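A.B. asks: This is the feature table in TrEMBL:
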type     : residues : note
TRANSMEM : 46-67    : transmembrane segment
DOMAIN   : 185-599  : domain 'Peptidase A1'
ACT_SITE : Asp203   : active site
ACT_SITE : Asp390   : active site
DOMAIN   : 415-455  : domain 'Saposin B-type'
DOMAIN   : 474-514  : domain 'Saposin B-type'
Amino acid sequence: MLRRRPLQLALGLPVRSLQGRASECFVIAVRSADQDMGPARSRTCGATICVLLSVLSAATMTAALLASSNSDDGLIRIPLKKRSIMESIYGDLLPKATSTPESQAAATAAAAALRDVDDPVRAAIAQAREREHQMLVEAAAMERRRQYYWSYSSRSSSSRTTAALAAVCVTGEVVALKNFLNAQYFGQIGVGCPPQNFTVVFDTGSANLWVPSAKCFFSREQIITVVGLSSTFVWLRYPGTPASIHYGTGGIAGFYSQDQITIGNLVVQNQEFIEATHEPGFTFLLARFDGILGLGFQEISVEGSVPVWYNMVNQSLVKEPVFSFWLNRDPIDGEGGEIVFGGDDPRHYKGSHTYTRVTRKAYWQFEMGDFLIGGRSIGICVDGCAVIADSGTSLIAGPLFAIAQIHERIGASGVVNHECKQVVADHGLQMLELLKAQTPPAEICSKIGLCTFDGTHGVSAGIESVARSVDGTSDAICNACEMIVLWMQSEFNQNKTEGTLEYVNRLCENMPDPVGSHVDCRRIDSLQTVAFSIGGRAFELRPDQYILKVGEGFMAHCISGFTALDVPPPVGPLWILGDVFMGAYHTIFDFGKMRIGFADSA
């Protein structure tokens, strides 16, 4: 494996950053081996470069040299084929061609279309976090009304002395977290030497580290990037190499740097990070954090940057390759929570952890067995559901058809879906008859002419379909039809055949509100529990755990902790278990054994 810094390789630079034009190619910029190197390193690097070049075809080299002839910067540019994130992470889920020419053509076209899109899970996570914006606004207003006093010093954790932690056999490095009204959890890190402190979200739903640059406008803090102010600062890659991370409708942009990162008493050397020069909209202005420290797998890291957690393990800074979260759901308590690198804190969980294996090495993804309300399955995940544990998302996000059923049971307010009501009115009886006649659910919407079906993608509970237009019929009608089939099938799975149309129509009239579905605070005590079946255990949430209460007294209002989110097949459907779930259950992320564990929080 080539080391970028000794060889001065700039891997993954977009061609547009060097030639001023967009391109799907990436380049390797190789500096002359005799520049800025001693004779011994020059010989070593020169030999390594020869090995690299010898495996390239003559045609590729000729094209690269011709391309470099127009430049005077002394760099050799070798175009590489970019492999999409869909292909690298979800390649096994992409449509496969079968024996018939028609199916081969359809699979090839579908696979090509999917390879051209960005990571759908990243987009889904961003969408879920965008929907938390209103909750953050309300939380900020509540904070002003109650005139909370927040101290961002480390005094809140001073009561937990080293001796006290040792007395309860805490393994690993403890980093205290602040809790901003159950909407955000963040802790402190230091960048450089001497360290400049920043508050960051420790986010298992991403893998990069970024903090605001001194060149960033409207940010809460800025890092001083002048070389020399930090004794350990270096330019990583080619100076000024651009970087960007997209978050749904927005994103951060900046450039790459390298320095030491201090987390608790751990000092990570030579850590690559992004200095953000552009942060979108009011989301980051309203946020109580400066940046994000990703704890996901390197497979989802932008430009393949090595995550902080990987360097912790590689530099032997932790005894065990695990980290754990405890999130305090009492926003008034001065102790907001903690993350432990290299172990866990037994004071903050009861009993033993129930583990489940990581099923996809990208996000911390695993399999959920079933979903229950009031101890009874509602048929949502009878065949299993893909789930992600995400510390950077406040709510629990799930497929629209599932969240609609949950909200109907807990009496959450919603909005009317007119396409849904139209399908029920025009085709509801026919759809019921087809189900009773044991017609495969995947074929029902195509039989009544609202969708087409290619049989390649699954949509949960045995239904396989793809939303497309037929004779001008809108995709919204097709999507509504598929959702109604799932609702009807869920009722059939529970042996409920009477009143199905009335139930489905109620769901159509009360779909989840994208900006938050409200619940009557006076009814919280009478609501049923919900539960997720993981690793053979039902992890139950009480109403006061999955309902978010903002304000007090007559000014209080309550918001559902569930939000609707659809990740299309073949990657989806997908659930995201955010802070609402992780606050109730202490969570261990076991990097060494590729598993996740949950235990009751204490």
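A Cβ is built for glycine as well, from the same backbone N, Cα and C atoms used for every other residue.
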A.B. asks: Write down the Cα-Cα distance for Asp203 (active site) and Asp390 (active site), rounded and given in Å.
C.D. replies: 7
A.B. asks: Sort out the sequence-distant neighbours of Asp203 (active site) for me: same chain, 6+ apart, CB within less than 8 Å of its CB, listed by position.
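C.D. replies: Expected: Ile292, Leu293, Gly294, Leu295, Gly296, Asp390, Ser391, Gly392.
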A.B. asks: Just to be sure I understand, if DSSP states are collapsed into helix, strand and coil, how many residues of the domain 'Saposin B-type' (474-514) fall in each?
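C.D. replies: Breakdown, helix to coil: 29 helix, 2 strand, 10 coil.
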A.B. asks: Over all shown protein chains, what is the count of other CB atoms within 10 A of the CB belonging to Asp390 (active site)?
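C.D. replies: Other Cβ atoms within 10 Å of Asp390 (active site): 29.
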A.B. asks: Taking helix as H, G and I and strand as E and B in DSSP, count the residues of the domain 'Saposin B-type' (415-455) in helix, strand and coil.
C.D. replies: 26 helix, 2 strand, 13 coil
